[in-house]
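Report on the structure given below.
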Amino acid sequence: MERLIIATILLSNRRQEHGKLVLTFLACLLLLLLLHIITVSFFNFLLYVAEKWQVCSDILSPSGTGNECCERLAYYGINTNLVNYLKFQMNESNVVAVNNVTNWSGTCYVTPLLGAFLADAYLGRYWTIATFSAIYVFGMTILTLSASVHGLKPFCDPNDGCHPTGLQIGVFYAGLYLIALGTGGIKPCVSSFGADQFDDSDEVEKKNKSSFFNWFYFSINIGALVASTVLVWIQTNVGWGWGFGIPAVAMAIAVVSFFSGTRLYRNQRPGGSPLTRICQVVVASVRKIGVDVPKDKSALYETAEEESAVKGSRKLEHTKKLSFFDKAAVETESDARNGSVNPWRLCTVTQVEELKSIIRLLPIWATGIIFSTVYSQMGTLFVLQGNTMDLHLIKSFEIPSASLSLFDTISVIFWVPVYDQIIVPFARKFTGNKNGFTQLQRIAIGLVISIFAMLVAGTLEMIRLNIVKEHNYYEGMALLTLSASVPGLKPECNTNGCHPNSLQTATFFVAIYLIALGTGGIKPCVSSFGADQFDDNDEREKRKKSSFFNWFYLSINIGAMIASSVLVWMQMNVGWNWGFGIPAVSMAIAVAFFFLGSHLYRLQIPGGSPLTRIFQVLVASIKKYNVKVPTDKSLLYETADAESSIQGSRKLEHTDKFRCLDKAAVETDTYSSLKGVVNPWSLCTVTQVEELKSIIGLLPVWASGIVFSTVSSQMGTLFVLQGNTMDQQMGPNFKIPSASLSLFNTLSVIFWAPVYDQLQRMGIGLVIATFAMIVAGLLEVARLDYIRRNNYYDQPTIPMSIFWQVPQYFLVGCAEVFTNIGQLEFFYDQAPDAMRSLSSALALTTHAVGHYLSSALVIVVTKLTTKHGQLGWIPKENLNRGHLDYFYWLLVILSSINFFVYLFIAKWYTYKKAVAKDP
């Protein structure tokens, strides 16, 4: 009875507040519905001009860009403000919170490898997206419950902070990593699924496909925009349950929309396991290590049919680089005597070229790692930095520091149309390239911009610390005591902070890592699944497929924009239960919409395990290590059928790179197709060998994105922490959350994605990312200088506007348009047909490695700089006593080195060639 009386009193006192919450929730739902309607209508109008607009519009609106927009809304609704939730609700220190955010974000980009493998080998992109979307929604639901249900959300005491139990932590992280798993099936498939809807044989569709990637990325940023504004505000001011619940609803809507277009989709058949084909080329090459590759490349083994032996894949022309792998396609007397072809001893030229393609991509991939490290700062250090600054937009409004990611989104939204409509036509006059820049050039530009972004962030931190030093406020930023609604699972918080117990901590981490698990099936499949809806034999669809990736990324940022604004604000001002609950509901809606379009989709038939095919090439190459690859590459083994033996893949032409792998396609007396039955572990087709070559060729490109991902990861970590120390007021009555500044990253993407339609744009993006870090560093220099001059060391927030962080968010968003969209299109275009989901996942893993690298850098820097009792560059509690700018300068150096490595890789790279029309 006593509890009933207390509850009645509390209810009476908070009726007005509850009414406000209901109205807020209804407004958010209305916003989501309007957003979805606008997105669908826009893309239907955009694609009306195509003959097959019914198919394209369904994949671009409900299933492709629409699904990814809602998925990004859900993702950024969590990621944008997650560092604040961990710090204040889960009672984690700055370093622990930053590392947990980047580790989870990294996992969200690792799980796409699993989703891509399943999509390419067995399930196809359509069913992979469907399956992992369900996992995603389930993870969002658990996350929402962990922030809103009594017993699952941490208990917080206004005087002692939050103290989550082990169960609460477990449930939370379970939901979080289910989302990461769900992402794994969406990310690598949606863009590819959309691009598949364009027919490369139709010049009109082929041209439109180039713009497709721009608009795809544009739609991504629409979701990011909503997340960084509306969702951040809800999380900050309404509650984390609502802040997580709304994105869950949005995702559920997207899933329903996706299934509604099922009957219209073009579905590519899975081509079997690309890993098997790669292994076959490697094995066959090693087996024939002593075999000379003939000078006449037509003597290499290839199928006589018009299409590749890899189902759903075109034949690839032979390339000269990596000629060792050509041994796998050299037919020997032992190969010829067997009658049947053993793919583990003899591979086709196309199979060898597949492996070469992958190998060529690896250096480009590696150059993206540092960029991803830079990018990760937006959700971590940028937010923590923003927490120390003046958050007032006006006297009555305080913007959450996490909401500044809105400017990243705004930057993307701004640059997409500018790139597509202005930069491309202008650059085309000078480069002669129909897309303005090559994919590698575009990545390079993005890397350069990311360097400047870190310079800006570092400068801001120097200014902020100087302000702190001249005043003497010591206690650090005030604790955020906005509580979720579930006692028992929510950490108890009081004036001394939050102290989660083991249960609360376990619940939280179980939830977020369940989300990461769910992401794993979504991220690698959604883009590929979307691209699959375009017919490469139709020139008009083929052209539109290129733009699909732009709009796909744009839709991602629409979700991110909402998450970094509305959700972050709700998390900070309403409650974490609202902040987590709203994304969970949006994800559920997205899943529902996905299934609604099931009858419209073009489904690709899985072609078996790509890993098996990779190992088959490797084993067959090793078996024939002493076999010489014939000079005539036409002698290499390839199926005689018009189509590739890999289901869902076209034949690939032989290439000269990695010639040792060609041994897998060399027919010998022991391993020959003439014996009737071919052992794929001894004889592989040229297409199978070329698959492995393609993967190997992609690895350098992949590696080039790691640093970029490290840079971009700062938006959700150090940028937020930096923003926490600054003035967040946007007027007398409104305070913007520091995490909401990621909205400007989203807006930047939304702007730039339509502007630019692949290697040139990636390079540009790497440069821009470097500038982003320069800007961030300069800001930190200015912030520290302001602290020093005014002795503000112990001030929780300093009278320095948080909007000084906007340039670094905007630059990172601009770098995203060049680098991330360039990577999406480049890895899809250069991947063997039956390995496109895997290739898309490979591109995404740069973000994973970049986020992990960011965590590693934070750990190493903290360990090295806290010796002998020093506070270090990134103090556990008070950033005013640290040197965040030094960390940004470190990222600038890494980004610069990464860019020059990328230039070398881009010059070395050889593009793949397919010899047959798309099926």
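For all residues, glycine too, the Cβ spot is worked out from N, Cα and C.
TrEMBL entries are annotated by machine, without manual review.
Feature list (source: TrEMBL):
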- 126-145: transmembrane segment (TRANSMEM)
- 240-259: transmembrane segment (TRANSMEM)
- 361-384: transmembrane segment (TRANSMEM)
- 404-422: transmembrane segment (TRANSMEM)
- 443-463: transmembrane segment (TRANSMEM)
- 506-526: transmembrane segment (TRANSMEM)
- 547-570: transmembrane segment (TRANSMEM)
- 576-596: transmembrane segment (TRANSMEM)
- 736-756: transmembrane segment (TRANSMEM)
- 762-782: transmembrane segment (TRANSMEM)
- 841-866: transmembrane segment (TRANSMEM)
- 886-905: transmembrane segment (TRANSMEM)
Worksheet item: Which one of these stretches, 240-259, 404-422, 576-596, 762-782, 841-866, has the most C-beta pairs shorter than 8 Å to the transmembrane segment (886-905)?
Response: 762-782
Worksheet entry | Considering the transmembrane segment (361-384), which listed stretch of 547-570, 576-596, 762-782, 841-866 counts the most C-beta pairs under 8 Å | 841-866
Fill in: Closest-packing stretch to the transmembrane segment (240-259), where packing means Cβ pairs under 8 Å, from 126-145, 404-422, 576-596
576-596
Discussion item. Let me spell it out: take the transmembrane segment (547-570), skip the flanking residues so only those 6+ beyond its ends count, and list any with a Cβ under 8 Å from a Cβ in it.
Written reply: 24, 28, 31-32, 35, 39, 43, 46, 59-60, 64-66, 68-81, 84, 190-191, 194-195, 197-198, 208-240, 242-244, 246-247, 250, 399-400, 402-406, 408-410, 412-413, 416, 419-420, 526-527, 530-531, 534, 578-579, 582-583, 736-737, 739-743, 745-747, 749-750, 753-754, 756-757, 813, 816-817, 820-821, 824-825, 828
Discussion item. Is it true that the transmembrane segment (576-596) and the transmembrane segment (126-145) have 3 or more CB pairs under 8 Å, sequence gap of 6 or more?
Written reply: yes
